[in-house]
Structures are given as structure tokens and as C-alpha cells.
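Undergrad: Below: one structure in C-alpha cells.
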Amino acid sequence: MKRIVTALTGASGALYGLRLVKALAEAGAQIDLIASDAAFLVAKEELGLSKEAFLETLRGFGQASLQVHEVNDFTAAPASGSCPVHAMVVAPCTMATLAAIATGNGSNLIHRAADVTLKEKRPLVLVPREMPYSLIHLNNMTVAATAGATILPASPAFYSRPDTLEALADTVVARILDHIGVTPAADLVKRWKS
């Protein structure tokens, strides 16, 4: 069972985080979830779910495999390199979170866990959901990528003709899973064939 740190931040796109946790739970992954306060505000705005309802929904995907950590708990397992984690994903990833990761200037558990992931040379996938990108954003992405992170923008694919928002989000989730080496329990998307 792969252990995946999954962080949700306050960028638009709470559905990406929700669908990612669902796919990871269905694939049998152990999930260490860290969500910022802003992530819960976005979930309320975009999904109509209070913090409690959002967490209940996530737990419903796999209660036994989901460990929720407070964003300011630096004693949590993902804060240490000795914690046997396979990979980390930040989805969606705010530009402020990306900047903190790129500069190593973190102030919460999301930043610390990402820093640990990079120093331990484990896969780190950052899923920015912002447009357009400023030069500062692009420079921070370059620094993070040079340090070992994969920058995977939330750019859904349309060739599979997704007919729901969930199916559209799953086109991004499938690519995230590809990059962290997790095989989904069921095909999330139609793969491109020539």
C-alpha cells in the first residue's frame, strides 16, 4: 500500500482534491490529508460543503485509509523524512504555496511536508490552478521543478468528451496518478489511442 501525502490549498478547484482523494482511496493508498483553512472556504463556495461535510465526504471514500492532519501540526508524521511516504500531491496548489515550496520558506505543514518530500527525493506533484501566470509564478515553477517537483497544471483534457464536471476533473486526476505511480482501481479516463 502506497502512502501518499495529499494537500489541498485555497486555489479554485476543490473538486480536483476531492476526486484525487476518492481515486487514491479506491486504489488502496494510505492518505495523509492536509488542508489549509482557505481550502475549506473554497470547498464551501464551490461544492457547497462546510468543513465538517467536506471532511465527512472525504472520509466516506475510505475511512480506514485516511489520516487528517491539522495544517499547523508540525508534529504530524509528514513533517519528518523518517515517515515512509511514497509521494506528495498538492491539488489544487495556490501560487503562495508554490512560492513557499520553491523558496523553502514554509510556515505550515503543507510547506514542510513538501520540503521533506523534495529533500528525500520523493515524487512531489504540484497542481496549480491559476491563469494567467506571472513571471514570478513561472520562475517559482522553474525553481520547484529544478528541485525535483513535477508541475502539473490543472488543464483538463477534452478528447475523451467528459460529460460531467467530475469526469473533467478526473482527466487531471488520472495524470496525477500516472506521475506518482498509483494505478487507479478503475479507468478514470479514456486514454489517447492513435
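Every residue, even glycine, has its Cβ placed from backbone N, Cα and C.
TrEMBL annotations: computationally assigned, not manually curated.
It should be emphasised that the depicted structure is a prediction, and the values quoted were computed from it without experimental measurement.
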Undergrad: TrEMBL has GLY10, ALA11, SER12, THR94, MET95, ALA96, THR97, ARG129 binding FMN. Which one of SER36, SER80, SER82, SER155 is in the same site?
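TA: Within the candidate list, TrEMBL flags SER36.
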Undergrad: Ten-angstrom check, please: count other Cβ atoms within 10 Å of the Cβ of ARG175 (dimethylallyl phosphate binding site), all chains counted.
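TA: I get 20 for this one.
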Undergrad: Any idea what DSSP makes of ALA96 (FMN binding site), helix, strand or coil?
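TA: Once the DSSP labels are grouped into three classes, ALA96 (FMN binding site) ends up as helix.
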Undergrad: With DSSP assignments reduced to helix, strand and coil, which class does ARG129 (FMN binding site) get?
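TA: In three-state terms, ARG129 (FMN binding site) counts as coil.
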Undergrad: Taking Cα atoms as reference points, rank the binding-site residues GLY10, THR94, ALA96, ARG129 by distance from TYR159 (dimethylallyl phosphate binding site) and give the first.
TA: ARG129
Undergrad: Ten-angstrom check, please: count other Cβ atoms within 10 Å of the Cβ of ARG129 (FMN binding site), all chains counted.
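TA: By my count, 20.
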Undergrad: How many Å separate the Cα atoms of ALA96 (FMN binding site) and ARG175 (dimethylallyl phosphate binding site)?
TA: 23
